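Trainee: Below are the structure tokens for one structure; questions will follow.
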Ligand SMILES: NC(=O)c1ccc[n+]([C@@H]2O[C@H](COP(=O)([O-])OP(=O)(O)OC[C@H]3O[C@@H](n4cnc5c(N)ncnc54)[C@H](O)[C@@H]3O)[C@@H](O)[C@H]2O)c1
Ligand SMILES: O=C(O)C(=O)C[C@@H](O)[C@H](O)[C@H](O)COP(=O)(O)O
Ligand SMILES: [Zn+2]
């Protein structure tokens with residue numbers, strides 16, 4: 001069974017299709033949405049070996065003229081050099097304004113491809129076919145595209161909405177366990193933001209989600225996509241409430257940058273640690289009961305996600321360096337970072353008023369615990 005969730009954005013509205021067997025029907029689902037029969041598929045080398053043939057067959061069956069490129073897998077691909085070679089490949093294949101670009105992969109492929117589509121010929125249509133849990137529950141929806149730069153994570157990019165999202169939950173069966181768990185961190189995020197009942201559900205079914213149980217996975221994807229669609233429809237360009245989707249991310253992006261994008265921590269793992277730090281900060285500011293922070297730590301630990309900084313290979317974590325990354329966060333206004341804090345599970349809110357000393361204490365304590373188990 002397939003469910004469709006609409007991201008309501010006026011003339012830029014689109015559907016997120018969630019279901020089983022969608023890959024084999026992709027061509028027929030997409031055909032009526034395309035301006036021309038030419039498509040250009042962007043994927044990575046892991047997905048190429050596992051799922052690309054099935055997608056190509058489906059596009060051929062629908063009479064689509066398909067071209068494409070296979071990129072290296074991993075976070076390092078979300079970079080200027082790969083953006084350049086991707087745009088070159090698209091131009092070489094004679095992509096036109098009516099050609100639809102298909103991002104077939106995880107968040108790395110989706111973010112890079114969406115950005116390329118937004119600048120190619122000043123904007124060509126694109127579609128997301130997400131293949132990781134993280135990309136199905138988060139990155140394929142909402143139109144944030146971009147790359148990492150030397151200065152920081154996602155600092156160059158665009159808001160550019162896809163024409164459709166096709167989340168085939170069957171493809172999650174080939175995802176390595178570490179990747180499945182990393183994606184699960186973004187699922188937990190929705191419970192923490194404003195859905196305590198969903199967090200309760202995750203406490204009973206989360207272990208099944210990270211064990212690749214299809215029914216639990218489908219439910220997690222559907223609930224997450226509904227939450228993201230609602231938030232994005234209300235605030236597409238993050239002028240307010242959309243920033244709640246950044247819960248844990250100011251910390252996470254700094255950890256990812258310090259750890260060498262993708263080398264030490266996957267994005268979802270960094271988000272897991274970052275959400276704990278956001279709750280630590282909320283507790284330290286006297287805003288959140290410690291019991292809620294402990295409940296979050298327990299749950300993340302139960303599903304096998306990190307809750308503490310890992311040791312930094314070849315160096316030491318530094319409060320000053322982390323603070324310098326925070327200063328480049330996109331939520332900085334008049335030199336002050338807006339943090340996503342919580343009054344409890346399901347009660348996230350935005351605050352530009354975090355005392356510097358409290359933040360420093362929380363970071364000092366986290367660095368002191370680096371590599372140490374916490375429960
Ligand atoms: N745009 C947004 O709103 C948004 C939201 C969240 C995260 N992100 C970004 O997403 C990125 C992380 O995405 P990700 O976690 O999907 O990582 P990813 O794209 O690197 O994919 C993870 C790994 O899984 C492999 N893979 C993908 N699908 C597979 C499958 N079905 N079977 C087997 N292997 C498969 C990939 O080749 C890769 O090695 C980060 O750059 C993050 O910043 C963006
Ligand atoms: O869609 C959003 O909005 C998010 O913040 C989702 C995040 O999970 C995602 O990691 C996003 O890329 C972070 O955005 P950024 O603007 O902080 O780079
Ligand atoms: Zn994220």
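For all residues, glycine too, the Cβ spot is worked out from N, Cα and C.
Bear in mind that TrEMBL entries carry predicted annotations, made automatically and left uncurated.
Sharing the feature lines straight out of TrEMBL:
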DOMAIN    69-181  domain '3-dehydroquinate synthase N-terminal'
BINDING   107, 108, 109, 110, 111, 131, 132, 144, 153  NAD(+) binding site
DOMAIN    183-332  domain '3-dehydroquinate synthase C-terminal'
BINDING   186, 249, 267  Zn(2+) binding site
Trainee: Within the domain '3-dehydroquinate synthase C-terminal' (183-332), count helix residues (DSSP H, G, I), strand residues (E, B) and coil residues, in that order.
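Mentor: Its residues fall into 103 helix, 1 strand, 46 coil.
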Trainee: Within the set 107, 109, 111, 132, 249, which binding-site residues show a CB-to-ligand 2 distance under 6 A?
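Mentor: List returned for ligand 2: 249.
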Trainee: Looking at the binding-site residues 186, 249, 267, which has the shortest Cα distance to residue 107 (NAD(+) binding site)?
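Mentor: Given the candidates 186, 249, 267, the nearest one is 267.
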Trainee: Cβ under 6 Å from ligand 1: which of the binding-site residues 111, 132, 249 qualify?
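Mentor: Only 111, 132 qualify.
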Trainee: Would you mind splitting the domain '3-dehydroquinate synthase N-terminal' (69-181) into helix, strand and coil residue counts from DSSP?
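Mentor: Once the DSSP states are binned, the domain '3-dehydroquinate synthase N-terminal' (69-181) shows 50 helix, 33 strand, 30 coil.
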Trainee: What is the nearest of the binding-site residues 186, 249, 267 to residue 111 (NAD(+) binding site), using the Cα of each?
Mentor: 267
Trainee: What count of other C-beta atoms do you get within 10 angstroms of the C-beta of residue 153 (NAD(+) binding site), across all chains shown?
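Mentor: By my count, 24.
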Trainee: How big is the Cα-to-Cα gap, in Å, between residue 186 (Zn(2+) binding site) and residue 153 (NAD(+) binding site)?
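Mentor: Checking the Cα atoms of residue 186 (Zn(2+) binding site) and residue 153 (NAD(+) binding site) gives a distance of 17 Å.
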Trainee: Taking the Cβ of residue 267 (Zn(2+) binding site) as reference, which residues of that chain separated by at least 6 in sequence fall under 8 Å from it?
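Mentor: Once residues fewer than 6 apart are set aside, residue 267 (Zn(2+) binding site) is near 75, 107, 134, 182, 252, 256.
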Trainee: Taking the Cβ of residue 132 (NAD(+) binding site) as reference, which residues of that chain separated by at least 6 in sequence fall under 8 Å from it?
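Mentor: The list for residue 132 (NAD(+) binding site) reads 105, 106, 107, 172, 175, 179, 183, given in order along the sequence.
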Trainee: Compute the mean position of the Cβ atoms of 186, 249, 267, which form the recorded Zn(2+) site, and then list in sequence order the other residues of that chain whose Cβ is within 8 Å of it.
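Mentor: Near the Zn(2+) site, the remaining chain residues are 134, 138, 185, 189, 248, 252, 268, 270, 271, 274.
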Trainee: Tally every other Cβ atom lying within 10 Å of the Cβ atom of residue 111 (NAD(+) binding site).
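Mentor: I get 25 for this one.
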